[in-house]
Structure formats: C-alpha cells, structure tokens
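Annotated features in TrEMBL:
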{"type": "TRANSMEM", "residues": "A:25-46", "note": "transmembrane segment"}
{"type": "DOMAIN", "residues": "A:119-313", "note": "domain 'ABC transmembrane type-1'"}
{"type": "TRANSMEM", "residues": "A:123-146", "note": "transmembrane segment"}
{"type": "TRANSMEM", "residues": "A:167-184", "note": "transmembrane segment"}
{"type": "TRANSMEM", "residues": "A:196-218", "note": "transmembrane segment"}
{"type": "TRANSMEM", "residues": "A:239-271", "note": "transmembrane segment"}
{"type": "TRANSMEM", "residues": "A:291-309", "note": "transmembrane segment"}
Amino acid sequence: MIKQNAIPTIIHQVKGFQWPNIGQLLGAAALPIVGIVVFLGLWSLMAKNIDTSLGQFPGPAAVWEQTTTLVDEHNAQMDKADKFYERQEIRNAARVAKDPSYQPKIRAFTGAPTFFQQIWTSLYTVMVGFIVASLIAIPLGIVCGLSKNAYTAINPLIQLFKPVSPLAWLPLVTMVVSAVYVSSDPMFSKSFITSAVTVALCCLWPTLINTAVGVSSIDKDLLNVSKVLRLNALSHVTTIVLPSSIPAIFTGLRLSLGIGWMVLIAAEMLAQNPGLGKFVWDEFQNGSSESLARIMVAVLTIGLIGFILDRVMLVIQRKVSWDKNAVLR
Amino acid sequence: MANNKLMNTLKHAVKTLRVGMVSAVITSAFISANVSAEEIGYAEKEELKFGFIKLTDMAPLAVAYEKGFFEEEGLYVTLEAQANWKVLLDRVIDGQLDGAHMLAGQPLGATIGYGTKADIITAFSMDLNGNAITVSNDIWAQMKKHVPHEGGKPVHPIKADALKPVVDDYKSKGKPFKMGMVFPVSTHNYELRYWLAAGGIHPGYYAPHKGDTSGQISAEALLSVTPPPQMPATMEAGTIYGYCVGEPWNQQAVFKGIGVPVVTDYEIWKDNPEKVFGVSKTWAEKNPNTHIRVVKAMIRAAMWLDENNNANRPEAVKILAKSQYVGADYEVIANSMTGTFEYEKGDKRDVPDFNVFFRYNATYPFYSDAIWYLTQMRRWGQISEPKSDSWYKDIAKQVYRPDIYAQAAKSLIAEGKAKASEFPEFASETGFKSPQKHFIDNIVYDGSQPNAYLDKFAIGLKNDSKL
C-alpha cells in the first residue's frame, strides 16, 4: 500500500521538477542529524563543566569507550561460559568413570549476566507483562465501551487505580508473589514474576480506557448496519467493533508499552531484580570512576529500546488498521 | 571423547600416585588409615547461590569462584550481590540463598532472636580486621586540633578523646551528632561504639524489651544504619558526620576528597574477627557434605589470598574490581588490600595486617570470638537480661562449628592441598584464644569470663544491670 502511494509521488516529482519537495526531503534527513550534532556538542560541553565525586560527568567519548568495554566484557564472559561447560563435561565424565550410576547433568553457566543479557531479561519481562495486561485490558475495555452500565460500574475503580505509582504496588506484589508462587522447581524465577506483574498492573489502564473510548464512539451508521444484518454478539464485536476501534486501541497499547518500559526499569532498580534497572543500580553502588559512563550507556540504551518498541507497535498498527491512509505518528 | 577418557585415566593415575606418595611420607599406618576415613562424599546439592555485600572482605568467595576451587569440589556456585545486610540475612533464612558472607554478629543475633529469629550457623570465619572509621572533612578539621602530632603528622592510633570536644560542642548547641554504621549487630556498630566509649562518648543503649531498637537511649553520638556502598554518598549529603564501614568505602572517601579515615579496627582491637560465612542450620543438616566442600574451597581461597606474604593480592584486587564483585576502582581497593592504608590524603601508612584472610588461624571459628560479640550485645542492651557465663558458651557452641571446619581442613590435608601445621591442633584446640590484650583502651579480654569482662568497662551495661 505504501509502495503504491510512493511510486506515483516520485514520478510526479521527477516530472514536475519541484525543488521545494526535494528540499523537504533533504530537510527530513538533515534536520534530525543537525539536532543530534547540536545535542552531542552541548552534552560534551556541559559534561566538561560538571565535576562529581566520581570524577567528571561522562561526555560522548567516555560513553562510547564504555560501550566498547561492555561489548568486550560480554565476549569475555561468553568465552568463560564455553570453558565452564568444557570443564563441566570433563568433571562429569570423571565422575561417571568413578561412579557409573551417576547421571551426568549439565548446569547452566554460573557467571554474572552481562549488559546484553540484562537487556534481554528486561525486554522479555516487559513483553510478558505487557501481553498479560493487554489480554485483560482489551476485552474489559470492549465490555465497558459496549455497555454503559458496565462502564459506570468499573469507572470508579479505573479512576482510583490509574494514578497509582508502580513503586507503590511493588512491595505488595513482592510479598504476594513470594507467598502465592511456591513450587519446588519453579518455571520462572520469583523476581521475574514480580517484575512482570508490576509492569502488567501499570500497563492496564491506558489500553483499558482507550479501548472503552474507541468502542463507545463507533460511527452510528456502522452500528445500524450491524442491527440491520442482525449480527450476533460475537460477529458484532469481530466485524464491527474491533476494526473500527483499532486506532484507539493502538493508541492505548502504545501508551501502555511506554509506561511498562519505564516502570520496569524502576521496579528492577528498587527490587534488585535482574535487568537493566539492576545494572544501573549496581553501577551506582560500585562508585568506580567508570560508573557514570556505564550508567549513561544504559540510559541511552533504555531510550533507544523504548523508541524501537514504539516503532514496532506503529508497524503492527499499520498492518492491522483498515484505514491505511490515516496519518500515524 | 576418547581423548577425554584417556586424560581422565591419566589424571586418575597421577592422583593415585600422589596420594600414594603422601601416605608414604606419612609413614604411620594409623594416620593413613585416618586419612582414607576423611574422604568426603559427593555434594548433596551442587548448584548453589551465595550472597555477598560489596566489600573487599568478600574476597574468599570471589577467589574460590574465579580460581575454580568451588568447581574442584563439584560445586556450581552463583555469587550474587545483595542490597543490604537485612535482605541478605532474610534470603538465607527463607532459603533463596544457600549461604552468605555475613557479619560475625548476624548468626549470633539471629540465634538469640535479636531481629529476625532463626538458627544460623557458621563453620568458617572469612577474615580479620578490614574496617575503619571515617569522619567528614569538616569534623576532621575540628578534631585535628586535639590530636597529638609528631613530625607534622598525627600520632596513631587516634582516640575518640580527640572527637569528644567536637561532640560536646554539638551537644551544647543542641545539635545531634550523627554517625553511620552498617547494621545493628554488625562488627562496625560494636567497633564504633567501642572506640567512642573508650574516648568517653556514650553511643547509646538498645532496649528491645521496651520496644526500643534505635540504640540511642542516653546517646551522645546517634548511630544509624546505612548500607556500606551508600556510606560515602550519605556522608557527602550531610546526613551523617562519620561512619564505620569495611573497605573500600573508607578509601573511597579519601579518593573522593569527602572525608578522612581516622582509625582502623586493627588499632581498636588487633586481629579482630570480622565476617563469617553463614548458612542456616536446617540447610547444613540437609547438606553436610556440601557444607564441608564449601568450607574446603573457601579455606583454599583464603590460603591463596595470604600466600607468599600477600603476593597474590594484586591479582585478587583485579578480581574484586570487576563490576559484579566490589566494582570500585582498582586503585581504591588496592589501597587497603595490598598492605597499606591511606588516612588523610597523602598520609599513606603500612598496615600489613589490615586485611588478614588466613594467617593467625583467621579462618578458624573460635568460640571466644563469638563470645566477644555476645558481650558487646549485652554491653549495649541488645541482650536486655543478665546472662550467666555458661549461657555465653552455650550460644557460642550452637552457632560456631569448628567441628565442620576441622573435617574440611583434615580433608585438605589428606589431599595434600594444605599442611597440618597451617591449622590449629584440632585434637587439643579448645576454641578459646588466650586472653587478648591489644585493645585501644588496654582492657584485656578473656573469652572464658564474659561477665567479669563486662564489669571492666566504664560505659556500658554491667553483668547485673538492667535498663
């Protein structure tokens, strides 16, 4: 669809030789670069003038250096993991030779997680929390949108819980998870469940509210069509309600995912659960001269990932939206 | 695979040969029979998770991991930094951690029910010394006038007598004099209290039977809890004027230029026991072989740390400087780990025994060490009732387990990884050190007479006194 739109535009431009349009194109590419360059300049200028007790505030160069260090550390740790497995096999073989009834077992590497493994942990956690929240919020939102009574009943609760900071939930979630989630061989670690549930609790609201609003403001004509065709409840939802409220639902989902990502980092910091938040906290605690630069790497990574998540949602929205001409940003 | 098998057979042969040689050297048939009796079964639990706090004295854990001593015992250990001492203890109690680097007072405090009540035991003492008391630049400037000088440099050890006028000044202005320590039953709390009280500054009493666990009753200096890594930042923020903490957080204050370490715990009590490796009693009963193997690995790590006159320390510092362990800069950690200590900026002095991990039987769990902590808990009211001398001994014997240590050590001796001369004489060791003299106030400590010891202090609860 995008391609079909794009080809005529280009042909049109070539034919008409319209300079302003090319200028606009250049601008679209150049302006962000200008913005970034100015930002980098200001940043390194500011960094030179901020002295902390951990040394100078890191500028772009220091941050880049730490980025490469983190990559090196990751590779070194992977090498260590390989050797760990090699040693383990030798040891297992030795034990089997001595005690043939022994069932050798390969244990996971016991080294500390690297920066990139922490990123993966965080991403995985936020996605699980977000999906759980969406599975609850979208159906609930549809119910609220369809039925005025349901909405009136649930609305006070939404208004009450929506403004609650995730960090207020955290102690409760932690205690409840450790009390309820008891198993001798757990599939997920408790810290993962705690983080995911906290994320889910905060991801619920924007999706819920936006879905309800989207569903309740469906075009009257469409509703009448549904009535005329005498659609049953299920086909009414799948053919009329869902397609027409997709834009609103996605606005909610994108807000939710953004909030979920922010909440997760804070929750990991506070609860010392594995992930990027813990990485930041650990570095702060270490108080080495490189700590600030490493935290800065994490900050930029967090921002970048948040941005990518949002773009991914946008792509999905484009894919599922029936109105391909709507301006999405 | 065939290659592996060949290697293993070869290794096995070499090992048999070695054991054979050892038993040949030890000619007595009785001893070699004894040696084979010491063989320890496989670990019951092979995947273990140990907690630690970011302090240089966690080194035996990091070294046992990095040097492969845990793996050689068939243990797959994960080391995990904990947020603070309370979290660490709670996680050992509820089983999330199999064991942890603990303050010597923690197993004792837990066993007698001060704080969370739980049975925690220890069979391995992790180090001697390693702490210091630091004051902020501002306090140091006021204190320095009262410190005797020689050749332009302060005479060490600096006593709290020099701090007394400063505290009195705060008192007369109606301002509270606040200091930080790391945990109510921490070595640091008792050391800081000992030092303050020796200089005539009352650090305050606890009264748990009245629900008062602030430890500030009749205090002239108000002590409060701050996790070790946050100490420098808290002092920089002006919330506390000084603190007692382990390394590298005193040297960090020097490097950051925010404070001056005034006295090390080596000077308050020479060769004081500091951290222990604690596990819950139920865990130890369920996993006896695992426990012995853990202690074996840690004894080897401690030996490595002190080997050839601290020759391995620079390498140990490099390990500790990794961000998953202590994570502070190499220079900061090296300052105290390699036998020196920097007081005022530029005033670097030799303190070869600032961190002791193995020599002087540092790893052996002495009953008398446990009893010293109990006397201090009594002195400051954490134990609110008078107790008999035999009570102190009973608690020490419940918590400190030299029997497990001895099994581990004998197994190492049998394997040829350690020499019998490096350990106490296990058959005759009573667990009580002979009366110790080297305290900053010259009071002699005899572990066999805790109540008589308590009577010697000018400040603090006596044998029969009650709040």
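Backbone N, Cα and C atoms are what each Cβ position is placed from, and that goes for glycine too.
Computed from a predicted structure; not experimentally measured.
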Checklist outcome for this item: Across A:123-146, A:239-271, A:291-309, the most C-beta pairs under 8 Å with the transmembrane segment (A:167-184) come from A:239-271
Item to check | Non-local residues, at least 6 beyond the ends, that sit with Cβ under 8 Å of the transmembrane segment (A:196-218) | outcome: 125-126, 128-130, 132-134, 136-138, 140-142, 144-146, 151, 158, 161-162, 166, 169-170, 173, 177, 240-241, 244-249, 251-253, 255-257, 259-260, 263-264, 267
Checklist entry - Going along the chain, which residues at least six beyond the ends of the transmembrane segment (A:123-146) come within the CB cut-off of under 8 Å? => result 154-155, 192, 195-205, 207-216, 237, 241-242, 245, 249, 252-253, 256-257, 260-261, 264, 275, 305, 309
